[in-house]
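What follows is one structure encoded as structure tokens, with my remarks underneath.
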Amino acid sequence: MSEGSISLCFLGSLPNDVVNFVRAVVRILADIRGIVVEERSAEELSLSNPPTLTLAALDNTEPGSPAICSLYAFLTHLCTALETIGRHAEVSSLQHVLDLCRTTTDRGGLAIIRDESSGWTSGPTQLQSVQSLIEAWLEALNAAESATQLPAPLPAKTPNTWPMTLAEKILVQHAFSLPSPQGVSVGELMRVSVDWVIASELSWVGMKHSMISIGEQPTVWRNDRFWLAGDHTVDPRTYHQPRVQELIGGMEDAKKTFKMTENQGSNYTILHTEFVRERAEPGMLVIGSDSHTCSAGAVSSLAIGLGAADVMAALATGETWFKSPESIRVEFSGEPAWYIRGKDIILYILKKLKRNTHAADRIVEFGGPGAKHLSCDARFAICNMCTELGAITGIFVPDEVTHQFISNRRHSRYRSNSVYFQPDSDASYAATFQIDLSEVESFIALYPSPDNVVPVTETLDMPLDGCFIGACTTTEEDLVLAALVLEVGLQQGLELAIGKRMVVPGSLPIVSNLRVLGLLDVFEQAGFEQPAVSCSLCLGMGADRAGHGENWLSSQNRNFKNRMGHGSIGHICSAAVVAASSFSMRVTDPRPLLSQIPPERYQTLLDKCRDWRSAEPAARRHPGKIAIANQRTKPAPTMPAYVEPYRSFQPPVPPSSDQPQSMKDHGKTSNGENGILISKVYALGDFVDTDAIIPAAFILESPTDVLLGSHCLEFTNPDFRSQVRAGLEVVVAGKAFGCGSSREEAPRALKGLGVKCVIAKSFSFIYGRNQPTIGLLGIVITDERFYDAARTGVAIEINPSARTVTVAGQSFPFVMDDMELALIRRDGLATAYKALGKGVFRSLCADVPGKGGCGQTQGTIYMQVSMSLRVTPAVSRD
């Protein structure tokens, strides 16, 4: 960094708010980045020659004067001055702030500067917004510099490296240390660094609760890697409600407290939509407090949904832990019809694989020669619904489609962190499935399961009360196609039958594109209400709820009981099928209408949307320039340059006396690790989902575990609460207990009611991880004899020390994972964090036998540079 100084001079009489703003920016530069800008008089400046910022009132300037007369000029000249003294990182941050000032609000900007001659027209409130952004982005430089720096990946595979799947390579690249220098095997524990944390306004409440409940305040490891979106319940129609105001206030408080760079507030985007379109990158590890976090697999991020406490700990530390999971491979071949998009394809996969079977607790890796025909929008829908398959997540192997999509982003900061891995040809998969895309047709998943899939032609003329096009699953290309279907129907004079119709795009940028294309008008003419961007009917807990007994056709991702509203019935399909069915309010084959749409027109509209994503702010304001923008030569897709993960390995470090207190000092679980739990059984069946355990309608009004428990299984098992209170404190369930959403409120509700243990044939991945995270004992037993004996009301004895469960005179062994045991001994992750601080994952991993601490921070870190090694001193990863 070169040495230098910057001087500031005020000329004439500027408004006080402008002077205060400029001086505030000067203080921010000094306080955050140590850059001193000295305020001098004109006479003093004549004696020296540093880079100078001369601010003047508009009426005090002469033609050709170098004085700065506008916000645009101030930020531009400040960047020039900083560039002169070698502060390139700060220049990049301020240029980004300037760009946000010029960008319209429906594109995520402030819309303060329309052109270079705007002057100091911004009022105090707008200038405060700019000041906050400058502070946030400069603070982000500090956060990035102090955060863990991942070793650079290798340009080629080295000898003696085990073959790995795509997910394994991403985890290995992010691991602090591996159990073996050759790589990782299924089931091995890793402490890993995360790239992004994402949350909704609703899950943020649970995240904060996990900290506040133990007397700690939430914190972030990087203020530029926390994506918080208001989408689940907030809506302009409910902004006046006290609980909604609390949620909005919670987001605003987080933005201010953490100096967040990536908080767009309420109803700008559904959590996943713009995050995947504009933030997630290939090779990243993303953690989110929402089960559809897996959507980012569309751009080859390993994106995994977890519970609120888990995600809060990752947000505070920049770390988390995983056991290396199995993967299954879905190999695409063939080419789909032009109108077959991602929703039809994932429904076809659900039809073939079924829920919670082959994909359960595994990662689904998508690839094959047919993948090149799938856009990133199609991949979004496919990955989004991998959670409905029961998978941990889904991820596409990055290819030319991925590379072009990421390269088309306008901001380099959101495409410069991409790392392109591909699975090894000899990688091991639990199963491989072939999907011929040419066989995919329009499907519908009938209530109440996403895998109850049949061709649309088998359900023709089913009467409907409502048609919904929306939710994150419904991408931009789906909305465009649905509008074209409606347009054809309107042109043919199709009448609109009585019924409810609603369309909710996934983000304001998509709304803006549809508006300029004239497609919002088409939806309006076809009778579709257009409320604000939100999850809407897909969640059924905000302003939009389906009525009791109503039969809906929806393009959302879930059709569980009570999902769209208490007592409602939902079937899911593509947006095109919903659009075709909305005229008669009966399920309709969309092909007659689709056949009237020129595929070339559809592609032209998608190309325009692509161009607007990468357009400069000025071009976005003038739809007339779109035709010019669209004349750009579309670059030919190119394959990315693939790399190999760096393998960090350090031999296990023996515990020393000055290391954090061992878990061995905490030998008792919340249920009594050395004691025996004696209770009675309450038996449930297979596939008990989190919507059933704690219905969404009760989450907002139940801030404590006890209040959540008062509504546990209220809709499906009204006697459950009284039975648990009467002493039936052990839940015995079947397959995939806790499937559905990531809501941590489900195990919290059980624990708050008084449930001591849940035993099941299997747990859904997120729910199964949430149990020990909140300190609730969970046991997997697959022996059918146990379930024959464990009926409601039967006495049961659980001996954690002996790892046995006894019922009806028979004893059944069980295995408890070491990490789960470590968490339960601490009564959950939040309590462990309170005791161990930001070293919580290092300490927890250190207590898992034979894991070597999942990566100690002592000794030396080996950083890969090209093909050579250089040794640098270790830095703290806390």
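Just so you know, glycine gets a Cβ as well, placed from its N, Cα and C.
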Check: If Swiss-Prot says C535, C538 bind [4Fe-4S] cluster, which of C467, C472 does it name for the same site?
Finding: C472
Checklist line | Most distant Cα pair in Å, residues Q173, D290, S291, H292, R558, R563, S742, R743 binding substrate | finding: 38
Item checked: Any further residue of that chain within 8 Å (Cβ to the Cβ centroid of C472, C535, C538) of the recorded [4Fe-4S] cluster site -> D231, I270, H292, G470, A471, T473, G506, S534, S536, L539, Q556, N557
Next item on the list: Let me know the most crowded of the binding-site residues, choosing from Q173, S291, S742 and counting other Cβ atoms within 10 Å.
Entry: S742
Check: For R558 (substrate binding site), which of these binding-site residues sit within 10 Å, Cα to Cα: C472, C535, C538?
Finding: C538
Item checked: Residue pair Q173 (substrate binding site), C472 ([4Fe-4S] cluster binding site) - Cα distance, angstrom, rounded -> 29
Notebook entry, point to check: Of the binding-site residues C472, C535, C538, which sits closest to R563 (substrate binding site) by Cα distance?
Noted result: C538
Item checked: C-beta crowding around C472 ([4Fe-4S] cluster binding site), within 10 angstroms -> 26
Notebook entry, point to check: If you measure from the C-alpha of C472 ([4Fe-4S] cluster binding site), which of the binding-site residues D290, S291, H292, S742, R743 fall inside 10 Å?
Noted result: H292
